[in-house]
C-alpha cells in the first residue's frame with residue numbers, strides 16, 4: 001500500500017505542487033490510499049446494500065438516528081463557529097486569501113478543516129441508514145456523487161490548500177448542515193413530523209450556498225493573491241455540477257409535486273368534490289367519509 005502511494009506522489013507533485021508540510025503526520029492525510037479505499041467500500045455498499053436488504057424487513061434505527069443526527073448537528077455547529085472566529089481573528093480577506101499569511105489563525109482554520117474532511121467520512125452513514133431502512137429512493141445520483149466526491153476532494157484540499165480561500169465553502173456548508181441534520185434528527189421522531197414544513201427551504205439554502213461560493217471563489221480569480229488559481233477554477237466547476245444536480249432534484253421533488261397536487265385538485269372540482277390535500281397527515285381524512293347527507297326540507 002505504501003509503495004502504491006509512493007508511486008502516486010510524483011504525479012500529485014507534478015500536477016499540484018508540493019504538499020503543505022503543516023499537516024504532515026495528521027490522521028488519514030499522509031497517505032491517499034485509505035481515503036480511496038473508504039470511497040470504494042462506500043460505492044460497493046451502495047451497490048450491494050439494497051440487494052442484500054431486498055427480501056429483508058427494514059430496520060427502524062430510530063434511536064441511533066436521533067443520536068447520529070444530533071452528533072452531526074453539534075459537530076457542524078462547532079465547525080461553523082470555529083471557522084467564523086478563525087477568519088475574524090486572522091483578518092481574512094473576503095476577495096482572496098493566501099494560505100500562509102495569518103499565522104496561528106491559519107493553523108486554527110487547518111485544524112477545523114481537518115474535522116470538516118473527517119466529517120465527510122462520517123456522513124457516509126447517511127447512505128447506510130437509507131439502505132438499512134430501505135429508503136432506496138433517497139439514494140440518488142446526486143446523493144452518491146456528492147458524498148463520494150467530497151471526501152476525496154477534501155483530502156487533496158487538506159494536503160495542498162488547507163486554509164486561506166478554502167474556508168468559505170466549508171463555513172457555509174457547516175451552517176447548512178446545522179439546519180439539515182437538525183431536520184433529519186427531528187424527522188426521526190414521528191410526533192415531530194407534522195411540524196417539519198421547512199425541508200424545501202433547506203434545499204433552497206443549499207443552492208444559495210453554491211451560488212455564493214461561486215461568487216466568492218470568482219473574486220479570487222478576478223483579484224488574485226497567492227492562493228493557487230487552479231484550485232479556484234476547480235471549485236467553480238464543482239459548484240456548477242452541484243447546482244445542476246440540486247436544481248434537477250428540486251424540480252423533480254417540489255415543482256412536480258406541486259403540479260401533481262394542482263392537477264388532482266382540478267380533477268376533484270371537475271368531479272364535483274374536493275378532497276382535503278393533507279387529510280391523512282393532519283388527521284382530517286375522516287371528514288370525507290363521515291359527513292352525513294342533509295335531509296331534504298319539508299316545504
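Each residue, glycine too, has its Cβ placed from N, Cα and C.
Keep in mind that TrEMBL annotations are predicted by a computer and have not been checked by a curator.
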**Given ranges 90-107, 144-161, the stretch to which TrEMBL attaches the annotation transmembrane segment** = 144-161
**Item:** Range from 32-49, 61-80, 114-132, 144-161, 167-186 with the greatest count of C-beta pairs under 8 A to the transmembrane segment (230-251)
**Value:** 144-161
**Item:** Result, the transmembrane segment (207-224) in contact with the transmembrane segment (114-132) (3+ CB pairs under 8 Å)
**Value:** no
